[in-house]
Structure formats: C-alpha cells, structure tokens
Amino acid sequence: MKFAYRFSGLLGTVYRRGNLSFTRDGSALISPVGNRISVFDLKNNKCETYPLATRLNIVCVGLSPDGSLAILIDEEGAALLVSLIGKCVIHHFYFHKPVHSVSFSPDGKKFVITKDNVALMYHAPGKKREFNAFVLDKTYYGPYDETTCIDWTDDSKCFAVGSKDMSTWVFGAERWANLIYYSLGGHKDVIVACFFEENSLDLYTISQDAALCVWQCDTELDGLKLRPPKDADREKNAEKSDEEFLEEPKGEEIHGKANPSEKETKDKVKYSRVAKYFFNKEGDFNNLTSAAYHKKTHLLVTGFASGIFHLHELPDFNLIHSLSISDQRIASVSINCTGDWIAFGCSGLGQLLVWEWQSESYVLKQQGHFNSMVSLAYSPDGQYIVTGGEDGKVKVWNTSSSFCFVTFTEHTSGVTAVTFTSNGYVILSASLDGTVRAFDLHRYRNFRTFTSPRPSQFSCLAVDSSGEIVSAGSQDSFEIFIWSMQSGRLLDILSGHEGPISSLSFNPMKSVLASASWDKTVKLWDMLDSWRTKETLILNSDGDMSYRHFKPEIRVTCLRFSPTGRSWAATTTEGLLIYSLDSGLIFDPFELDIDITPSNIHKTLHQKEYTMAIIMAFKLNEKKLIQEVIEAVPSNEVDVVCSSLPDLYVEKVLEFLASAFERSCHLEFYLIWAHKLLMLHGQKLKTSCEWNIYNIKYALAISQQRGMKRLAEETPVDEDDLDSDSDYLMQEAHKDNLSS
C-alpha cells in the first residue's frame, strides 16, 4: 500500500521577513514564513500554511484588491502568482533582480514593483484569458538610488515611489497632460514609506531618521487631464519601432526630471511642503523601520528599531499611543480594513503580534524559536507537539490550530530532547544546562527538576511507559542517569559507554532500556536486574561527513511520526514541518477545462442543466460546490439526471454519496439518489465488481495451494475449513465491493 503524505502545516515559525498583509475582510493575516506563507485566521483562532513554496525566502507579498490573488517574490526576484482560493500556483515569473516592494492598484487592473532605481507597472492578471500573466505596461525612471516603497491614489490614477536617495516621485498610471514627474525632497535619510491622503493627491513621506513631511497638492484628482491622443500615439509609435529590434518589449519608458524648469512646471500640478514633524525627542536617535497608514481613520502607525511603535492622527500629528512590544526592530506593520487591528512583525525574534489599539489588547501574540529547533515529540493522541530549541525554550503546539499555547522558559541553555509521558499530561525536557525538567500541562508549571551529582550536559531523554522512571544521557561524562518521577531522587547512574550518549528508549512491554552512543554500540539495560547490561550490540557502519561536497540549505535535526500514524513532523532550520495523510481542502481537478469555473457552474445550474452542472462540479472537484449542485437538483428530476450521467461520473457520484451519508442531514434525499443510480447502473457496476471478485478468488486459490504445500508434511489439512474460510472471505470482499 502506498501512502501519500502531503505538506499540511508549518509550526515553530510565525514570521521571518517581508511585509505583512491583512486579507480583504480584515479577519485574517498573511505572514511570509521563510519560503512559504501562513494565513492566521484571527476570528477562528487557526493558522494554515499553504502547500506552495518559492525557492528562496519571500521578501514581498502583494494582494489583489478582491483578495483572490497574491504575488510572492523571493530574495532573487523570482515571483509566484498564487490563487488564495485554490491555494495553488498559477504562474511563475522572474524579475531578474531583487524586488523591494509590490503593490496592486485599488481597481485591480495594474500592479507596480520596484527594483533598482526604477518602478515597473504591469497589467494585472485579470479575468480575461491571456497567454502571459505578467505583461509590462510602463517603466518609470527618476530616482538615482534604489526604490523602497509604493502607494496608490484611491482612484488608481497615480502612484508614489520612495527612494534611498531621499526623494519621492509621483507618477501617473496614464499620461496626464498636467502632471510632470519630478522629485519631492525635504528629507535627510532613506524614504521608508509614502502615503496618499484619502481621495486626494496630498502626500505624506516618512524617512528613516524619523521625519514626516506633509505635502499639499494644488490639484484634485478630478483635475488631472489626459494627454491628447496625437502626442501619445506619436510617442508610442516611436517606441514600437525601437522595440522591433529587442528580444522582449520593455513597455513604454517614462523619464522624470529631478529639477524641471519654470517653463515646464507652468500650469502643471504642483506640490508644496506645508509641515515637517519629527517622531524622536530632541537628543534621541531611533531609526524608523516601518510604517502603515489607514486613510479612512487618518491613523498612522510607525515602528522603530528599538521595538517601540507610535500611533498618530494625521494631518495634525497628534500622538494617540506609544508602546514597546519587543526589544528587536519592528520589520513590518500592517492595518486591517476597519482600522481596528494592527499587525507587527519582528524578524529578529520571529515575533508576530496583532494589537487592537482601541481596547489596548492583543488579538494574537505568537513567537517561534528564534534559534534552531532541535527536538520534538507528539502527544499520545497526536493532538499536540512539543518542541525544544537552542534558545532554551520548550513550546507546546496545537496541531489543529497550529498555534503555540504555552511556552516554558526555565532552561538556561539549549534544549536537546523533549518527550510526553504516556498519559499526555506531563512533558519532560533535557538541556545542556544540566537539568531535566518536568512540566504540568494542567497548571502550566515546572513541578519537578532532576539534576546530576556533578554538572553534566544532557543530550537525550526517555521515560518508561508507566511514567515513573526518567532517564537522561550525558554527552560529556558518557553516563546515563535514572530518576524517580514521584520523588525526584536519583536512583542510579549507568556507566559503560565510551562516547556521548545519543539516544535512549524504553521497551514499552518489558523493563528494558536501550541506549545508543557515539562509541558505535547499543546497550540494553535490564531494569529488574539492578540495571545490569543485558546485551551490547556493535554498530559497524557510520556516515562519513567528509564525503559531503555541499552544505545543505535546510538542516533537519529531528523527525517523529504521530502515534496515530496519520502524520509525521520534522524540526528543520525552516521551522517545524508537518506532513499528513489528512489533506483537507486540496485543489485536485479532474479533466479540468478553462471554462470550468464556479461562476459558469452556477450559470449552468440556473439554466436547469443539472447533468452538465454535476459533471462540471466534479471536474472542478470542490466538495462544497459538488454538494451545492447535487442538493439543488429537484427530487422529481433525480431519475432523469441519473439516467443521463456518463458511467465515469456514476462512480464519482456514488463515492460522494457514501461520504455524504455520514455527515448530511438530508438522508432521504441522498437515499433517493443512491436508489436511482443503483437501479439504472447497477448491472454495469456489478460486472466491474465481479471482475474484482474473480481476481480475489484467484489470489485466494494461489495462497491456498502454497499453504497446503507447506503444511502437507507437518499436519493434515482440513480442506472443508479452508473452503469455508475462503467462502467467508469471498462474501466479505463482495460486500466491500458493493458498498464501494
């Protein structure tokens, strides 16, 4: 039997780097975690890591306004166009150089990315069919140094770009006759963020030295005038003639001027700086590292290198709140659509926080191991995972929600091993600090600490099936220490190994402890015979690391299977990776065509073409949609639909009905479906079942012959018993085939 374990989650890491983004409804947060993205459902208190990955760590995430698409860009500029609904990759693209920011226009028709000292505007992948998902529209030149940030006006007519050269540029998505492109100065450090005011060309620019400039525009958005078609066509034709000799069209090139003349600026859009504010008090120096602005509430959130954030109301720069949330720099800030929740990401410690500023309370507060995880263990029921890290922390994770619900910080050095007791209520951890600690999962406290007579660095850990005997192996003294869980007293010290102890394990059925060591031996210790060595096994093979010709990008330190057998987990440098047989919602289409979309299925269903709607739903293979279509068929039409279903889809409908009987309340309706399908297609199904029965009979006959040959010399065989057993197996197989 083949098992297909699918990636199902990433625990232990909640944020690495890149920009945080709230979903369209503001109830979920998308966080880049290494080369994957995790979606935190803040209302249902769940987290899901999507089963897709870039080659390198993600640095930019751009969400479409309707929330259906996302652009993920890694450190080298490789991009993935992702469907957030289907949780799958739609398109790959390479920008050739590192990208600093990406942003969709509010109308969803364009998106802009910044790299080097240019801004590139692309046609957004839309609802129409297109060969290339990323089509370059315009290339904007102006800044002398690398571009850093983007913001759009509400009507998608213009966008602003900040740069490391301390300037900000306002560009038009179209060629506006009265808008010339020139730089806005006024800063003495790198531009971190720029924001347009709501329904206005007024602009705020924020620099790394914690300065805010307020720019007022003399023209409203409605005052922008399109350039006459003749001038635009003449320029486009000239550019097209040049592009004929290029391998790839570069789109329209637009060049700004840093210092335009008075003649060029006459009767054009003009900006004037009306105010400049400073976040730091006089004498303080605190780099501003991130910012976000909510236009409807005029709320500005700024994060600093010291872990402090400020809330200001603009344009008057009134301080609402100031709070320290970390001792590391705040790398990313985001505000949800309602303006109530603010997300903060601190890459140094791997922290992810969501704060409700009006009630001054945390909605989410998660932190992974900021150093590598080195050990893990499943609880006996498979619902929880405990991890130990080089940061000295012991964390317990819920496998269904992917959240950490308790962290123990008593260890003063790296944790090397963790395990659960058989009842699942106690966690044990071994550390290089020379202690083994027991934690109570009812009261969340360290209730027992085991130590050795002389300081030892513990490298492995085991507890017997009763939970009464605790053992730990040392990596410096090469000894094994045995304690009593009830009293905490040291019972014995086992010596005999000539190298560090690497692993310990109790036999759950017998009172035997197995220990493995770097001395290439495995020793079996008899607990009932005063811990004497029962047997010593010699290991003749050992991996020679000198043969490794490359350094692995991802290091795996521990791997464990769940007691249920349905999943396994590995602690890696990328986090805690979980692979499961329980795949949940997976986009697995069947004979999918480009016209098979949920909207077309609903349209077909509205036209009362029920058979075609069912076929289309099964091609898309989304269970909720299949259920919706089948339950929309009137009961008096079931007979007609069943008779017109192709044979291939009859089996698929029966499989769906079999699963629906277990959870649906419409039993009578589904029984009508099952009855009609079996009455109309039963004979064909019976033929296929009979073919399976013949195969089973043949396999049973072969096994009987082999069994009779083996037993002929030893004992006489009662053939009637064999026949009765085979008849019983045949009946059971026949039942299974009919039920399937």
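Quick reminder: no glycine exception, Cβ is built from N, Cα and C everywhere.
The region 'Disordered' feature in TrEMBL is assigned to 226-267.
Sequence annotations record features per position, and here TrEMBL assigns compositional bias 'Basic and acidic residues' to 226-240 (among others).
Remote same-chain residues near the compositional bias 'Basic and acidic residues' (247-267) are listed as 120-121, 136-142, 144, 167, 169, 171, 175, 178, 180-183, 235-236, 239 (criterion: CB distance under 8 Å, separation of at least six residues from the stretch ends). The compositional bias 'Basic and acidic residues' annotation in TrEMBL covers 247-267 (among others).
Residues or ranges marked as repeat 'WD' by TrEMBL: 366-407 (among others). Sequence-remote contacts of a segment are chain residues at least 6 beyond its ends whose Cβ falls under 8 Å from one of its Cβ atoms, and for the repeat 'WD' (366-407) they are 9-15, 38, 40, 45-49, 348-353, 413-420, 422-424, 427, 429, 431, 433, 437, 439, 441, 444, 555, 557-558, 560-564, 566-567, 569-573, 575-576, 578.
On the 0 to 100 pLDDT scale, the repeat 'WD' (408-449) averages 93 in this prediction. Marked as repeat 'WD' by TrEMBL: 408-449 (among others).
What TrEMBL records for 494-527 (among others) is repeat 'WD'. Secondary structure of the repeat 'WD' (494-527) per DSSP (helix as H, G, I; strand as E, B; remaining residues coil): 1 helix, 19 strand, 14 coil.
According to TrEMBL, the feature domain 'Small-subunit processome Utp12' maps to 621-688.
For the repeat 'WD' (366-407), the number of residues in each DSSP class (helix H, G, I; strand E, B; coil) is 0 helix, 23 strand, 19 coil.
Within the repeat 'WD' (408-449), the DSSP-based counts of helix, strand and coil residues read 0 helix, 24 strand, 18 coil.
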